[in-house]
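Here is the structure we will look at, set down as C-alpha cells.
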Amino acid sequence: MVSRRSYSQWRNTIALRLGLGAVLGALAQLSALGLLAVSAYLVSRAWEQPPILYLMVAITSVRALGIGRGVLRYAERLTSHDAAFRGLERLRVAVWRKLVRLAPAGMPVWRSGDLQARLVDDVDGTGDRWLRGTLPLTAAVITAVVAVVLQTAILPAAGAVLALTLLAAGLAGPALASWSSRFALRATAAERGELTENVRACLHGREELVAAGTDAVALERALDGDERLRRAHARIAWSAGLGQCAGLLAMAAAVAGALWTGIPAVAAGTLDGVLLACLALVPLAAFEPVLALPAAAQQTAAAKESGRRLVEITQAPDPRPDPVEPMEFEPNPLGGPPYIEIKRLSVAWPGADRPAIAGFDLKIQPGERVAVMGPSGSGKSTLAAALMGFLPYEGSLRFGGVELAEYDGDDVRRTVGLCSQDAHVFDTTLAENLRLARTGATDDELVRALRWAGLRDWFDGLDLGLATRLGEHGRAVSGGERGRIALARCLIADREVLVLDEPDAHLDAATAERVLRTAAAALEGKTAIIITHRPLPPGVVDRTVHLRPPVPTPRDAPLSSLLDLAPRG
Amino acid sequence: MTQLAPKPAAGAFDRRLLHRARGASVYIGVCAALGLAQTACVVAGAWLIASLVAGAFAGGEDLAALGPRLVALAAVLAARALLASVQEAAANRAAAGVKSDLRRQALARLMRLPSGTRHSGETANLLVRGIDALDAYFARYLPQLVLAAIVPAGVLVVMLIAYPPAALIVLVTLPLIPLFGILIGHYTKARADRQWAVTSRLAHHFADLVAGLPTLKAFGRAAKQTGAIEVTTGEYRRRSMSLLRVAFCSALVLELAASLSVAVVAVTVGVQLVDGGLAGQAGLQTALLVLILAPEAYLPLRNAGAHYHASAEGLAAAERVFAILAEPTEEGTGPAEAGEPTDAPALTSAPHIAPPLRRAPTIMFRRTVFAYPGRDPLPELSLTVPAAQTTVLTARSGAGKSTLLAALLGFRQPVGGSIAFDGTDLARLDLEAIRRSVSWLPQKPVLIDGTVADNVRLSVPHDASDPAVAKAIAAAHAPDGRRRVTAGGAGLSAGEAARVGLARLLLRADLLDTPVLLLDEPTAHLDTDTERAVLESFAPYRENRTVLIASHRDAVRAIADREVDW
C-alpha cells in the first residue's frame, strides 16, 4: 500500500514532468519561429549589403536555432511520454482499486468485452489526452503569445491582426472539429462495444452456426453493426476537415493582413522595410502549432468520453460499504466455525426493484452441513452473495451473535468461502490458479485438494502437472473440471464456513456423488452450506432447507452473470 | 500510446493493404490530384509573398500597385485551405470504407477457420479496436506520404529554376531523412513487433484479472493484485521508453535536417546578397522565394513522420489481420473466397448441393480415438448408435462426450479409427449434406443481438414462419419471443439461454426434418420441474429420429432407449 504522502509526491512528479514537457515543446516551436524570423531579417538586411560582420550575430543565431528545434523536440517527446506512462500506471491502479470495492454486486451487468474495452481503451485514452491534447495546446498558446508580442513590437497593427486571426483559428478550428464530432463519437463508442460483442459471439458460436448453415446470417448481423460503425466514422470525417480549413483560412488572413498593414507602413516610413519580410513570415511559424489544434481537440473530445466512463466507474456507489468502526472478527472465541443465525433475511441486488430473497430464516450449528434447495430464481446465489458480505441485507444475519454488517467485508471472507460453479479460471498455470486460495500451500497440498475434488484422473493425464497452463478463461478445461478446480481451491483455502453453489452442476451422477462425499469428508468439522436445485445423495448433508422464490412467478434473474463476468458463449 | 519508429516509404505491406481495399486506388488518385493542386498553391503563395515584400521594400511600391497581387495571395492561401479540408474529409471517408472492408473479409474468413486455436475476445478486439487504429494511417499518414512525393519535387523544380545552389542544399539533405529513417526503423523493427505483443498481453492480463475479480475477492486476493498490476505496467513503461529513445531518433534526424537546411539556405542566400551575387529587387525576391519554399519541401515528410508514429499500432493490427486472411480454411466451409470481397458472406450459394440424409441413420464409431494437444489421448471408443432410437451418453465428465458430438459434424477429426453413417465412412460423405441432416444443441448455445425469436431462427438458413418459431419456443419453454437478448447473453439466465438453444433445435428439427438430433447437456441448468416439462414436449420430436444426448440427469436417462457409458 502506498501511503498518502508518497502518493501525492508521486502525482507531483508526474505533473512536474508533464510541465517540463510542455515547456520544452513550446521552446521547440519558438526555435522554429525564431529561425524563420531571423532568416527573414538576415536576407532583407543582406540585400542592403552591409559589411558581413554586421550579419554575424544573425548568421550564428540562425544556425543555433536550426539545431535547437530538433534537439528540444526530441527532449520534449521523451519527457512527456515518460510522464504519460507514469500517469497511466497510477490510473490503472486507481481504477483497479475501485473495481475491487465494487465487485461483484456493485458493477452493473457490463458485458465483459465492453468492460475490457473500457479499462484498456479508456485508461489509454486519458494518456492520449495529455500527449496529444494538453501538451500541444500548451505549446501552441505559448508560441502564439510570443509571436503576437514579436509582431506587435515590429508593427502594432500587424500584431493586432495576428492576435485576432490566431484567436479565431485557436477557437473556431477546435470548436468546429469537436462540435460536430461529439455526438458521432458517442455513437461510435456504443457501436464499437456492440460490434466487439457480436463479433465475439460469432467467433465463439462459429461451429454451431456453421453446422446450422446460418453462419452467414449471424455474420450479416454482426456486419450490420460494422456498417453502422462505418457510417458513424464517415460522419466524423467532415468535421476534422472543417477544423483544418478554419485554421488555414485564418492563416491566410494573418499573412495577407500582415502585408496589408505592413506595405503602407513601409511606404509611409513608419516601418523599416528590412522588417517587412519578418512581418510576413512570423505568421507562418506562429500558425504551425495552432493548425494542429483541431486534431488535439478531437483527441481531447474522445478522451473526455473515456473520462466520463471512468468517472462512471469511480463514482459508482459501494454496494456494501464496510462499517466505519468494524467489529473485531471473532465469531467463535473457542475456534472453529461460528454459529450462524438468519432471521427474516431480505436481500436485493443494487438497482433491482424487488428483493431476490425475502423473509428467509435459517439457523446453522457450528460444523453442520446444510443443503439449501430451491428452483431457479429462488435467490440461492443471492443468499451466497449475502453470506460472503458482497451485498447489503435487511433483517438479521448473525455470525456468532454479531450482525454480519458490523464486520469488515474482507474479515467476513476470511471465515466464509464461496465455491461458485462459474468461478473464474485464470489464464495461468494450474498451480497459480490453486495457490491464490492460500499463498503458502505446498505442491503436495495442491495435489491432495485436487484428489479430494475428484480430479485425480484428470490431473494424472496432464503432461505438465501443476505447471499446466489453463487457457483463456479456463477454456482448456470442461465445465465440470472448472467447477471441481474451484472446489479444490476452496478446500485449499480452508475456510471455517464454506458456501458451495451448485457444486454438481456439470457432473454426472456418479462423479457428483463421489465428489460430494469426498468433499463432505474433507469438510468434517467445518460448516458447509450446499446450494442446489436437486436433491443431494443421502449422507452428504445433515439436513435440507427449502428456499422459495419471493414472488409467485419466478423469473430467473441473471444472478450468475453478476457473480461471474466471464463470457458465456 | 504505441509510438513507434517511422517507416519512410510505402513497402510491400502497404500495397497489400491497398489491394485488399475496394476503392483504395481511386482514393490514392484523388489524393495525388489534390496534392498537385496543393503544390501549385504552395509555390504560387511563396512567389506572391516574395514579390510583395521585395516590391514594397526594394521596389518602393505602395499598396495601390501591389493590391492585385495581395488579393491573389489571399485567394491562393484560401484555396489551399479548402483543398486541405476536402482532402482530410475524403481521407476519413475512404478510411472508414477501407477499415470496414478489411473487417468484413477477416470476419468472413474467421468463420471458416477452425475454432479453438485463438482467443475469441482478443480476436474480436483486434477486428474492432485494432482495425479502427488504422484510421491514423489512412486518414493522415497516407495523404502526407502522397504529398511527400509531390511537394518536394515541385518545390525543387521551382528552386532549381530560381536559384540552383539552394536547390542543391535541399537535394542533398532531403535523402538523408529516409536513409536515417530506414536505418533506425530497421534497428527497431523487431522490438516494435514485440511491443504490440506486450501491449496485447497486458490488455489480456488486465481483462483476465477483471473477469476473475469476484473470485479474487472471495479469496481476499483482490487488493494484493494491485501490486502485480503496478509491476506489470511499470515493466510496460520501461520497455516502451527504451524503445522510444531509439525510435524518436529518426524524428530528430528529420527535424534537424529540415531546420538546419533552412538555416543553411538563409545564410547562403544572405552571403550571396552581400557579395552581390543576387542583386536588385529581383535578387531579393529570389532570395525570399527560396527561403519560404525551403521548409515547405520538408513539411509533408515531417507530417508523415509525425502521423506514422500514430499509425504504427494500426499497421501492426493489420499485419495480424493479414495473417488471419492467409490461414487455410476448415474443410466443409465452402470454397476459399475469390473475386469480390463483398460477397464473402454468401456462403450458402454453393453451386452443387448434395442431398441430405433421408431417413434416420445408424451411426457407428469404430475404435475411434480423439486427442488434444498436451494431454493424454482419450480412451479408444467403439459405439453403435441405433437408427431411430434415443441414445444417452452418460460417461463421466471429461470423457469426450462433447467431442464425440462435434466429431459427427466434422469439427473434430479422430486421430484413429473411424466414424460411419449407415456404414459409409464420414470422411467419404459430403460434410455439408451431413450437417444439413443434423440438428445440434451445443453445451453453450450462441446468442446474438436481437429478440429471443431472432435467436431461435438462427437454426434454419431460410426465414422460419412466426407460428413455427412460436411453436418451438412454447415446446422448449423458452422465454417470450419478443424479449431482447444481447450478444454474449446479457438479459438471459443460464437456464433461459439453454431453453433458447433447445427451441432452436426443435425449430430446425421441425422445418428441415433432420433425421439426426444431437443434444449436449440440454437440461444442465434447469430445475427438475422445468426439465420434466421440456422433456415431455421433446418426446414427439424423437420419433423416427436417431437421437444422441450427452447428459447425466436421471430424467434424461429415463427417456433413453439405450444408455452408453465408458
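Every residue, even glycine, has its Cβ placed from backbone N, Cα and C.
Taken from TrEMBL as is:
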- A:20-272: domain 'ABC transmembrane type-1' (DOMAIN)
- A:20-40: transmembrane segment (TRANSMEM)
- A:52-72: transmembrane segment (TRANSMEM)
- A:135-154: transmembrane segment (TRANSMEM)
- A:160-179: transmembrane segment (TRANSMEM)
- A:236-260: transmembrane segment (TRANSMEM)
- A:266-287: transmembrane segment (TRANSMEM)
- A:340-563: domain 'ABC transporter' (DOMAIN)
- A:546-569: region 'Disordered' (REGION)
- Item | Candidates A:20-40, A:52-72, A:135-154, A:160-179, A:266-287; stretch with most C-beta pairs under 8 Å toward the transmembrane segment (A:236-260) | A:160-179
- Message: Within the same chain, where does the transmembrane segment (A:266-287) have neighbours whose Cβ lies under 8 angstroms from its own Cβ atoms, ignoring anything closer than 6 residues to its ends? I mean 6 or more beyond.
- Response: 29, 32-33, 35-37, 39-41, 43-45, 48, 143-144, 147-148, 150-151, 154-155, 158, 162, 165-166, 169, 247, 250-251, 254-255, 258-259
- Query: Looking only at residues six or more beyond either end of the transmembrane segment (A:135-154), which have a C-beta under 8 A from one in the stretch?
  - Reply: 18, 21-22, 25-26, 28-30, 33, 37, 76, 80, 160, 162-163, 166, 170, 258, 271, 275, 278-279, 282-283, 285-286, 288-290, 292-293, 296
- Given the model, what does the mean pLDDT over the domain 'ABC transporter' (A:340-563) come out as? 83
